[in-house]
Amino acid sequence: MIGSCTRSWPVLDFENHRSEIVNCTPHLWPLHHDCSKNIFHYITNNSLGRPTYGNKMAIDRKTLSAIEDYDVFSAQQPYHSRITAIEWHPKMDNHFCVGSKHGDLGYYRLKYKDSQSMKIKRIKSFTGIGPGGYISAMKFHPTDDNKFFTASLDGKVSLGDMENDTELGQKVFLNTCSWERWYCSLDAHKTDNLVVAGSNAGHTHLLSRTGDVIWDKRLHSQKVSHLEFSPCEPHLLCSASLDHTVRMWDLRMVNEKKPLSCLHHDKGINSAFFSLTDGTRLLTTDQGDNIRIYRAPFWQLETDIRHPHRFFQHITPIKAYWHPLSDTIMCGRFPDEKNYPDLGDKRAIDFFNPCTGAMVYSLKNVHYNNITSLCKFNNTGNVLLSAMGYNMLLWSTSASQEVSEDHCAKDKKQTRETLENQMSKEKIQLTCDKSKDKKISKLQLNIKDKRKSKDNDVDKASKKRKRN
């Protein structure tokens, strides 16, 4: 395992302007180039298309300042079951897909009314089979804009077509024909003719885009929860599993017992995403309270973030994602007041700096206080899509506010109910006050009558005495 390697590697010591070979352990390599002012590092980063440290800081500040102005401009409940998968189109930044626990799938488009407002339009919808149709993963076809791949709980990996298909999964690539085995992860290679799918038994299948099986190997001992091709290394595959490991594989020479790297965790893994800016970082989310960032080329642990996002069987597993324009991390919060009293009971989307692990912002809306399991930005980074139980929320800057009609109706209903309650309370109080006034007046009359009768008795007694 590379992570446990202790031997030294020869490198040139450019920082001290010496040309001799010195010893440097692998964990010093990744962070060596980030904030260096050395001319060799500057030229290397430019040749690889990497932004300089100053440019990175400027992009991060700009990204964070934009996120601080975000708010919900649309909220919908598309299905009668919770949302289990979301995906933005890789080429059209205003198109996205949403899948549900019962196998429903909807294809949506953001329609820009003008420069300050947007509206959601459902282009296509597929009705699922109901319980057991759980869509665990989906990816758009890299070359055909209308096609997409899905992996589901009914044991199928299929290819769908937005234009021609009337039902979901008409073209099936893999089928276990069993409810005991199913597929839970999926990815499509951007350039090569490859698709990969992982099962709950630890098997990984490599296919072509037409469905031809290339190989089937058991890369993990338990459920393969996530699979992803590297965006910058075409032969690198990352797999995550509930066996507490994340493993790197070279597709040209896959040996089930010898991965390129094996990253051990304390809990099962929900996801492992390469950074979208340059692909040199790996972001993992476990089923406990750890978010970890590993750094290429040896995938050494760079940052370990403690964050409440524990696993619960009745919610979609929480996954941390990268921002598409800067190395900023976002993850939904599952409040844990016992272990994280400082965060309280508020449910939000937390943003982190991957270098320091510090929380830089917390995005929330008072009207929507459920747990956010999934959240992804579109490719341009100006719209955030999040899944909150049954609800699908779209976030953007305050200039594009357009609250949904359902939300407005709920607000009106709540205000009407509160007003009616207040009016009924006031009526009850008035009736109580009136009854009290009547009782007091009766008591006063009774007292007056008693006083008069007493006075009359006294007068009579005095008259009798005088006579006697």
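Here the Cβ of each residue, glycine as well, is placed from N, Cα and C on the backbone.
As annotated by TrEMBL, compositional bias 'Basic and acidic residues' applies to 452-461.
Here TrEMBL flags 443-468 as region 'Disordered'.
As annotated by TrEMBL, repeat 'WD' applies to 217-252. Packing against the repeat 'WD' (217-252) from elsewhere in the chain are residues 184-192, 194, 196-204, 206, 259-274, 276, 278-280, 282, 284, 286-287, 294, 299, 317: each is 6 or more residues past its ends and has a CB under 8 Å from a CB in it.
Break the repeat 'WD' (217-252) down by DSSP state and the numbers are 0 helix, 20 strand, 16 coil. Note on the repeat 'WD' (217-252): its mean pLDDT in the predicted model is 95.
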